């Protein structure tokens, strides 16, 4: 049994800093994350179970889950492919404009989401630069479901790129040199040798992008059209309830998004742990 | 980088002016562990007006005039801060501790929320003239050049080929007035026959092309995206939009009958007392009723009560029959309950 | 030695695809923002930017970002070290808890802070009694900004540190290196890029956050108005050019952060070349 296996079984702790890092982490998580969340559940406590159920299963709200989830899934898939491509290009190649491309990656985060929304709506409306090109092709983006997915993809692309990038950068050159020397084609070598290292980061990035899209509001409302049952997103339902001073109702709908997101992220974390163990286990 | 250097170089005076003030406050706040609300270091009294989102320019114009007026009346130098946002988000902030001295809102319900919480006096509506609404407006139409669809009244909006743009009544108070105005019209037209009124409203809501969350979003959809044949908003707002985007391209239509939209103001008694600004807050609201202030308000396309000013601006505001929400629908509480809350009439009318 | 994807054809194809897609998807919006900001000439742009309230908003936004980064940095590194170097019950839960900010809509994030620290909240009412105001002042803005941005550093570090494993540190520790020395000499050099990306993301998000901040800021002009809030107000009030001027500034801040990162990279590579 090697060191690693010993460590994973928890029988020895060679490395220092357990107490300090545990202290900081637990204190921070309790104060900054968990304590405020109790406020959300405090609001829920004002509702009976039946009330809670009727709020979260109301027809229009359910329709909004469908719209949000569907669009977020499409956006996340687009980002998985596009983000992997961008990360690869940024790490592996030298070309003019690389610095600018790298800089562009963070743009969606730095822009307040409302700006992103207004700008995208301007570009993709039938009078906009993109809209004018796409509309004759029969593809209407603004005020449809496609526009929602587009806005989600825009706001969450940095998650994938910036999660994959450091892992790719860290991959030693020997890894693919070895694969290439065995005579595998690029594609096979990429799939067999590189991808196993990237999976955890790629899945995490995509998962985060998906979850972020579920909660997004500002970037989407300007391009969504917000027609009842068709292009209303869940975040809008929460916003509406807040406008009505209905904190409990808002918290109820928000809690659904919270649970779905956390369940998904927990699943990713567990899967990731197993995956990494398998990867390293194979080596050891 | 060069741009950043240029900014610093070009605006070094302004930056020097801004940053020390900012850091002085921050440093003090850091040493105390929190920002202390009472302006201990300010030599002059400061008051805060919490207002709705499209009133930034309006109160930027009003405040210097008020400051001069107060100086003249009381010989005291003061300053007025502004905070703007959606009216109900503003009320929410005050409920949770934003120490605004006065509110100048565009929704009666949002002031009432504060009164119900005890922050504003229960009798606020009778504390000042005209239901504590120093200015008012109504709901009007903005149509494209030469009014191609011939839209003159509410029943033109339910025609099959007309597309309407106004924000979502669920998120915008402005849009609630639009909804109520249309309902009020139909109620009179069909002599109170509920079924016909609801059919009318269903068609009206069905003609909506896009439901933005706020007035500004709806304007963008109508003007910049070219969506719809008519934009419905406050009269003041459609006039501002027309002035902003070209008087030649758009026309304002004030329907012969519409709803009275009040812009309620009130002293947030609890905060004003705490800030030692009760007289100042009261004076601010009273100032809004003076002839000078009323003229300023009329310049921003709001209807006012001062007779001299009304006379001066008589060309600008066509005569129209205005009904109040209370007269047709009862209280605002009832309106919210029967029309706008979850599962109420609006939801039913939009169901498919 | 040839590496994967080095064939000229593949390389050209991938770079081409990345450039075209990014141009359409990311560059075009940026161009549109600058086009709007300068649509009435450079003079109007400067008038909008040099306004006292805009300058104050820029200052506040930058100070909040500068305060946020170290907080998130300490937390992120501590948490990543904890969950990737030790095994203990509840590790996955802890790791998932840090994702709460991603799972909560920003407006709801602002609201929960308000409900806790606001005048009616159970902590807020106590503070109010002692005349301490956190919400609707800069501490409140800092608090929600930290909430929204705290996962980024940890999230960048965890996959990388997991992939790297702890063999190097264990070797150093076995050879008798002290805790901090191990961290500075062994761990930090290995994670510096991920750390840098984490800081960049934290900064970008801290500067651009709107939803959560709008709930707790009170948006008092010249006091608690951040640049994104100021932008929103200008836009609502039909000063679209002014709003886009602010948006251009925010984009500029992101680009400057990246320029800082590029110069760091350049210096590091030069030092390595010298050694």
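Cβ from N, Cα, C; glycine included.
Annotation source TrEMBL lists domain 'ABC transmembrane type-1' at A:65-268.
Same-chain neighbours of the transmembrane segment (A:20-42): 251, 254-255, 258, counting only residues six or more beyond its ends whose CB sits under 8 Å from a CB of the stretch. According to TrEMBL, the transmembrane segment annotation covers A:20-42 (among others).
Summarising the annotation, TrEMBL assigns transmembrane segment to A:62-91 (among others).
TrEMBL lists A:103-125 (among others) with the feature transmembrane segment.
Annotated transmembrane segment per TrEMBL: A:137-161 (among others), in sequence order. Residues 67-68, 70-72, 74-76, 78-80, 82-84, 86-87, 90, 105-106, 108-109, 113, 116-117, 120-121, 124-126, 128, 130-131, 202, 205-206, 208-210, 212-213, 216, 219-220, 223-225, 227, 230-231, 233 of the same chain sit 6 or more residues outside the transmembrane segment (A:137-161) yet have a Cβ under 8 Å from a Cβ within it.
Annotation comment: TrEMBL describes A:201-227 (among others) as transmembrane segment.
Positions annotated as transmembrane segment by TrEMBL: A:247-271 (among others).
Ranked by number of Cβ pairs under 8 Å to the transmembrane segment (A:247-271), the listed stretches A:62-91, A:103-125, A:201-227 are led by A:201-227. Packing against the transmembrane segment (A:62-91) from elsewhere in the chain are residues 98, 101-102, 105, 145, 148-150, 152-153, 156-157, 159-161, 164-165, 168-169, 198, 202, 205-207, 209-210, 213-214, 228-237, 256: each is 6 or more residues past its ends and has a CB under 8 Å from a CB in it. Outside the transmembrane segment (A:201-227) by six or more residues, the chain places 68-69, 71-73, 75-77, 79-80, 83-84, 112-114, 116-118, 120-121, 124, 141-144, 147-148, 150-157, 159-164, 166-167, 233-236, 238-239, 257, 260-261, 264-265, 268, 271-272 with a CB less than 8 A from a CB of the stretch.
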